[in-house]
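Working notes, beginning with the structure itself.
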Amino acid sequence: MKFTFLLLALGLFVLPLIFHFDKKIFRDGNFRAALGASLISAIVFSTITVVLQLLGIVAFDASNTIDVVFKDIPVEQYLLNLSFSFTAIALFQYLNMKFPNNDLQKYSLSLSNLLLGLCVAFLFFGYPKWYTLSTFATLLILLFLIEYVATLRFMYRAYRAFVVMLIPFYLVYGFLFWNEISLVAKNQLTGMYVAKIPVENHFIALSMLLVSIYMFEFFKSKRPA
């Protein structure tokens with residue numbers, strides 16, 4: 001159990017390797033863009049985790065980690081934020097190459113608007129709970145900026161990647177929450193769970209994926225033609 005968290009975090013890196021061997025997803029400078037984007041995402045969400053830990057909202061069972069910590073957060077969590085972000089980009093790129101049809105992009109704004117409304121509802125009813133507040137405020141800001149401020153258009157493909165990313169998400173976070181390695185104060189949650197995983201974590205994963213993919217697309221758009 002002591003190394004399981006570490007193995008889960010590192011194990012996610014296997015998926016990008018598989019995708020690259022099949023479709024060469026990291027050619028033409030895409031590896032640097034993917035690495036830079038995933039680092040930015042990992043830094044952003046690791047910072048949020050540190051703040052939540054300082055507020056006493058999140059904690060980790062040290063007996064199931066390798067006892068290497070930074071700002072009282074186990075190194076495994078930082079690695080997981082990085083590997084999840086990198087894998088999300090790899091899957092996004094792989095699915096784009098495997099299934100290039102983008103006809104459903106026209107419906108993505110409607111889905112984003114639905115999610116924006118959902119964020120507002122959760123913020124209205126869950127604003128006293130800091131974990132819920134940080135989760136849905138982050139997603140609300142991201143969705144608004146991507147859909148109504150930024151010019152890059154990729155949301156259908158991002159949502160498609162997220163649906164597939166739920167498979168490794170449930171494997172990794174299901175293990176962490178079922179075994180109480182990752183802990184969140186119950187009074188800071190809505191009290192809704194899926195497979196013992198707080199519903200908030202599903203939306204944190206979506207936010208992480210969106211930051212990663214947006215930065216990946218941004219870096220690609222800045223490359224010389």
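The backbone N, Cα and C atoms fix where each Cβ goes, glycine too.
Keep in mind that what you see is a predicted model, and the values were worked out from it rather than measured.
Among the features that TrEMBL reports, domain 'Lycopene cyclase' is placed at 4-95 (among others). Note: the domain 'Lycopene cyclase' (4-95) comprises 67 helix, 7 strand, 18 coil (DSSP; helix = H, G, I, strand = E, B).
Taken from TrEMBL, the feature transmembrane segment applies to 6-21 (among others). Packing against the transmembrane segment (6-21) from elsewhere in the chain are residues 34, 65-66, 75-77, 79-80, 83-84, 86-87, 89-91, 93-94, 168, 171-172, 175-176: each is 6 or more residues past its ends and has a CB under 8 Å from a CB in it.
If you look up TrEMBL, you'll see 33-58 (among others) marked as transmembrane segment.
TrEMBL lists 78-95 (among others) with the feature transmembrane segment.
Remote same-chain partners of the transmembrane segment (107-125), defined as residues 6 or more beyond its termini with a Cβ less than 8 Å from a stretch Cβ, comprise 132-133, 135-137, 139-140, 143-144, 146-147, 155-156, 159, 190, 203. Sequence annotations record features per position, and here TrEMBL assigns transmembrane segment to 107-125 (among others).
Positions annotated as domain 'Lycopene cyclase' by TrEMBL: 129-219 (among others).
Sequence annotations record features per position, and here TrEMBL assigns transmembrane segment to 131-150 (among others).
Under the heading transmembrane segment, TrEMBL lists 162-181 (among others).
Annotation comment: TrEMBL describes 201-219 (among others) as transmembrane segment.
In this model, the domain 'Lycopene cyclase' (4-95) carries an average pLDDT of 94. Below 8 A, the CB atoms of the transmembrane segment (33-58) and the transmembrane segment (131-150) form 3+ pairs separated by six or more positions in the chain. For the domain 'Lycopene cyclase' (129-219), residue counts in helix, strand and coil come to 67 helix, 7 strand, 17 coil, using DSSP.
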